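Colleague: According to TrEMBL, the record shows the following:
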DOMAIN    3-137  domain 'Nucleoside diphosphate kinase-like'
BINDING   LYS11, PHE59, ARG87, THR93, ARG104, ASN114  ATP binding site
ACT_SITE  HIS117  active site, pros-phosphohistidine intermediate
Amino acid sequence: MVTNRTFTMLKPDAVEKGHIGAILDKISASGFKVVALKLTHMTTADAKAFYAIHSERPFYGELVEYMTRGPIVAAVLEKDNAVEDFRTLIGATNPADAAEGTIRKLYAASIGENAVHGSDSDENAAIESAFHFAGREMF
Ligand code: UDP
Ligand code: MG
């Protein structure tokens, strides 16, 4: 398994607010190489499947609504220690708890609408990348 890659989504709130360029710039400036990239719109079935691990959580319905209300940017990123370093770059799930300078501190509105996704393990990074990209779309 490739262990120097992670998967991210710039979520609908970030796209709606016009933050695609600023967030991708910060990701690149932080040493991540973009190896796959697209603008896409998840269906309800897509979002339910992507977040299936959270299906018993009280916020699942709202999360699926939010993630399907507009397009997202999906990307695969490469860097040494990618999963952990990207989680550090995006900050805590709740922007109120996120460190200064993190993407969620800068761009997220709330714990629900938190601008960006980052994989939580190498295994999930591979699963989530394959969910959104064909092999020929990853470089
Ligand atoms: N979420 C939410 N309410 C919560 C916790 C999470 O709406 O109390 C949403 C939020 O968009 C979050 C996503 O569900 O990013 C997945 O939750 P997770 O705990 O995996 O957080 P993450 O890994 O994204 O930091
Ligand atoms: Mg998570």
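The backbone N, Cα and C atoms fix where each Cβ goes, glycine too.
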Colleague: Rank the recorded positions LYS11, ARG87, ARG104, HIS117 by the number of other Cβ atoms within 10 Å of each Cβ, and give the residue at the low end.
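Modeller: Lowest Cβ count within 10 Å among the recorded positions (LYS11, ARG87, ARG104, HIS117) is ARG87.
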Colleague: Based on DSSP, tally up the residues of the domain 'Nucleoside diphosphate kinase-like' (3-137) by helix, strand and coil.
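Modeller: Taking the domain 'Nucleoside diphosphate kinase-like' (3-137) as a whole: 64 helix, 24 strand, 47 coil.
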Colleague: For ASN114 (ATP binding site), what is the tally of other C-beta atoms lying within 10 angstroms of its C-beta?
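Modeller: So the Cβ neighbour count for ASN114 (ATP binding site) comes to 23.
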Colleague: Measuring Cα to Cα, how far is THR93 (ATP binding site) from HIS117 (active site, pros-phosphohistidine intermediate) in Å?
Modeller: 9
Colleague: Whole-number Å only: compute the distance from the Cα of ARG104 (ATP binding site) to the Cα of HIS117 (active site, pros-phosphohistidine intermediate).
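Modeller: The separation of the Cα atoms works out to 10 Å.
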Colleague: Taking ligand 1 as the reference, state which of the binding-site residues LYS11, PHE59, ARG87, THR93, ARG104, ASN114 have a Cβ closer than 6 Å to one of its atoms.
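Modeller: Correct list: PHE59, THR93, ASN114.
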Colleague: Let me know how many other Cβ atoms fall within 10 Å of the Cβ of THR93 (ATP binding site).
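Modeller: If we count other Cβ atoms within 10 Å of THR93 (ATP binding site), we arrive at 15.
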Colleague: Any idea what the Cα distance is from LYS11 (ATP binding site) over to the residue listed as 'active site, pros-phosphohistidine intermediate', rounded to a whole Å?
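Modeller: The residue listed as 'active site, pros-phosphohistidine intermediate' has its Cα 7 Å from the Cα of LYS11 (ATP binding site).
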